[in-house]
Amino acid sequence: MISAQLFRRWSLKIYYRIDASVSQYNIDSALRIIQKETCIQFVKLQNINPRLSGLLYYYGKDCSSHVGKKKIKWQLISIGTNCNNIKIIQHETMHALGFYHTHARYDRNKYIRFEKNNMDKDCSKEFHKVKILHSRTLGVTFDFGSIMLYHSYSFSRNNEKTLFPIDEKFNKTINSANKIAFTDIKLINLLYCQKRCKKKIRCLNGGYQDPNDCNKCKCVEGFSGSLCHFLSPSSTECGKSVLLAKDETTFFKIEGKKNCIYNIFSVKNSCCQNNTVEIKYWRDKTATGAYFCLYDENIFINSENNHVMVYYRIICCLSEYKNYEKNDFNLKNINQRFRRNISFQNYPNKLFNYLLIDSLKKKRSTYRFNNDQNNRKKRMIVSMLKPKWKLPIPYYIDHNVSSYDLVDKALYIIQKKTCLKFVKKLKLFRGLSGLRYYKGNGCNSPVGQYQKNIWQNISIGKGCNTVGTIQHETMHSLGFYHTHSRYDRNKYIYFINENINKDYLSDFKKVEIINGRTFGIPFDFGSIMLYKVSEYSKNKKKTIIPRDKNFIKTMGNDEEVTFNDVKMINMYYCQSSCKNKIFCMNGGYQDPNKCNTCKCVEGYTGPQCKIPTFSFRGCGKSIKIANNRIKYLALKGKKKCIYHIFGQKHETIALYISKSLIIPFKYPACWHNNTVEIKYWKDKTATGARFCLLDEKILITSENNHIILYFRSINHRNYLKIFYKSILKNHDQQKLNREFFIENAKYTYL
């Protein structure tokens with residue numbers, strides 16, 4: 001399928017440049033293959049020449065390209081995560097040359113059908129047909145082996161097939177393309193190279209005039225000669241390559257490691273490309289034939305004419321797999337298909353269970369990279385899957401990033417609190433591993449160091465210009481996944497699935513305990529790695545709900561990394577920074593930059609974090625003792641106070657918020673510097689429950705006999721009124737509520 005808008009064609013000399021963030025070798029190889037088979041010459045440039053037009057290959061969010069030449073100087077081709085292999089690069093390059101998908105051909109209904117019930121509704125346009133007036137096929141037949149044809153499971157919403165061949169014998173051909181097909185090359189030549197040869201010659205058997213040697217034809221495998229008029233002979237070990245089909249049934253058997261071609265003629269009146277039996281029984285022999293691999297039997301084929309071609313290409317004998325019933329095989333899925341202008345997807349083939357580690361009963365994994373809509377297998381940190389970054393970590397900021405200074409600030413905060421060192425570069429040096437911040441579509445980053453010796457892209461697009469968001473994406477690149485994917489998340493949060501956009505349901509999946517590491521750090525509602533309460537909502541209603549409703553205004557922090565975010569970075573990267581270990585108390589950890597002291601959570605100080613922090617002036621005593629009598633505390637105005645409330649030994653504390661007002665307020669989360677924060681878990685390192693705007697009549701009971709209360713106010717109108725007392729662990733909740741209600745009636749509001 002090619003574009004009918006011929007004015008979009010490129011000149012025969014096409015300049016191209018490869019961004020430093022992308023591996024060079026595969027792109028050069030992919031273009032070299034096309035250049036060798038066509039009249040197009042690709043000229044590589046080290047720098048962009050503004051006077052020239054060409055193709056710019058860069059590390060983007062997916063595998064994508066515009067169709068045909070656009071009215072811009074340098075046209076972008078995105079080579080995102082998992083896109084950097086020759087077939088995908090050629091696929092996207094063919095889009096840029098003017099070619100649509102094969103399954104969009106106007107005559108496609110003769111060859112394929114679609115199962116709409118299995119399709120992702122948001123991606124249904126990917127299966128639209130191009131009208132005959134808007135496309136030209138130049139007489140080239142539909143090819144199931146084309147690299148421009150989607151995988152059978154493309155854009156499936158339920159991991160079932162979306163695309164089926166009308167002739168079921170082509171099921172294994174659709175999923176097999178690992179290099180550019182003969183018909184793909186033929187289309188390029190017919191579109192671009194018709195005028196290359198002044199003197200035309202007539203080629204037979206689907207061949208076409210070679211634009212680089214006008215005296216001969218380019219022939220499909222199986223034919224040879226200057227006009228493609230000879231049958232290609234097989235090697236001597238294959239025997240005769242021409243067989244005559246008679247009236248009686250003839251038995252035909254092939255075994256062993258061979259690469260054979262057989263031409264079967266009647267009386268006059270037809271998996272893996274390198275490891276398969278291929279049979280061409282259409283009249284046109286240029287299209288890829290039906291592939292047969294793994295195990296096939298009792299298949300009946302009728303040819304369209306009196307000629308069938310059989311290709312027997314075997315690179316391993318069955319005897320090499322004779323123990324398949326006893327052992328599982330590690331099979332690498334190489335059938336990663338393409339998603340143009342949409343996030344990259346990978347669907348494993350539907351193979352036989354005895355050849356797969358994971359049976360078909362297990363749900364396939366779907367990966368969408370970037371837009372931070374990543375359907376990742378979530379872990380708190382990467383566990384032995386990706387290498388850690390070597391220090392120091394170079395970083396580069398594109399000139400078009402609007403939040404240029406914020407990137408520096410975000411990295412400086414992380415560097416100051418960890419052993420990580422970030423070194424700013426003013427140029428993208430080739431062969432260097434580093435972080436490149438660029439203005440992309442949305443806020444997104446790969447997870448972990450994806451590949452060495454290249455610049456890893458972090459998109460800082462529209463709406464991403466906050467320190468917290470930049471740190472969020474940087475933590476992804478450092479190897480950290482979302483907090484709501486922790487294996488223990490069900491103790492703290494639950495999801496409202498009917499409010500979640502179905503396209504992003506996999507973003508809320510949990511990781512199993514054997515695949516995740518948390519270093520004993522508790523769940524943190526204030527972490528910048530935790531989604532907002534209405535993230536990916538289809539109706540603006542909440543999608544993530546804390547089991548303890550007091551944390552509803554804590555979620556959605558985009559200000560900066562929390563104590564536990566930083567602690568996790570240090571536990572992952574900085575364990576070997578200090579030779580002599582020291583013991584830290586109250587959730588603190590050894591400072592990697594000053595090994596004789598501990599890093600302490602706000603509220604504690606001292607070299608071992610064992611001394612409670614005292615409040616500032618105007619706050620009164622910072623240590624409060626709770627007993628079995630209700631006590632009262634009122635605060636008002638602009639101030640920053642910390643209170644440690646200790647109850648009786650072996651008891652807990654009941655704290656009653658009579659009323660509080662904290663303004664201004666930023667939806668959905670309270671500001672760190674303008675909030676009432678109460679830590680009543682046993683572990684005081686996690687962010688506490690935050691209260692802002694107007695809150696009243698809230699009863700809180702602690703996990704142990706200690707509560708930390710933070711009153712941070714930037715407005716003189718803000719106030720807080722609370723009651724507290726020490727209670728038995730087995731207390732009467734109704735009686736407790738009644739006590740606080742009566743006590744509250746004795747006081748007037750501030």
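Placement of Cβ uses the backbone N, Cα and C atoms for every residue, glycine included.
These features come from TrEMBL:
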| type | residues | note |
| --- | --- | --- |
| ACT_SITE | GLU92 | active site |
| ACT_SITE | GLU473 | active site |
| BINDING | HIS91, HIS95, HIS101, HIS472, HIS476, HIS482 | Zn(2+) binding site |
| DISULFID | CYS419-CYS574 | disulfide bond |
| DISULFID | CYS574-CYS584 | disulfide bond |
| DISULFID | CYS600-CYS609 | disulfide bond |
| DOMAIN | 1-194 | domain 'Peptidase M12A' |
| DOMAIN | 379-575 | domain 'Peptidase M12A' |
| DOMAIN | 570-610 | domain 'EGF-like' |
I need the CA-to-CA distance for CYS574 (disulfide bond) versus CYS584 (disulfide bond), whole Å please. 16
Densest Cβ environment (other Cβ within 10 Å) across the binding-site residues HIS91, HIS95, HIS476 belongs to HIS91
Spacing of the two Cα atoms, CYS584 (disulfide bond) and CYS600 (disulfide bond), in whole angstrom, works out to 8
Over the domain 'Peptidase M12A' (379-575), what is the model's average pLDDT? 89
Within 10 Å of the Cβ of HIS482 (Zn(2+) binding site), how many other Cβ atoms can you find? Include all protein chains, please. 25
Using the alpha carbons only, what distance in Å do you get between HIS476 (Zn(2+) binding site) and CYS600 (disulfide bond) once rounded? 24
Here the Cα-Cα span from HIS482 (Zn(2+) binding site) to GLU473 (active site), rounded to a whole number of angstrom, reaches 11
What Cα-Cα separation, expressed in whole Å, is found between HIS91 (Zn(2+) binding site) and CYS609 (disulfide bond)? 58
Whole-Å Cα distance, CYS419 (disulfide bond) to HIS472 (Zn(2+) binding site), is 18
Roughly how many Å lie between the Cα atoms of HIS101 (Zn(2+) binding site) and CYS600 (disulfide bond), rounded to a whole value? 58
How many whole Å apart are the CA atoms of CYS609 (disulfide bond) and HIS472 (Zn(2+) binding site)? 27
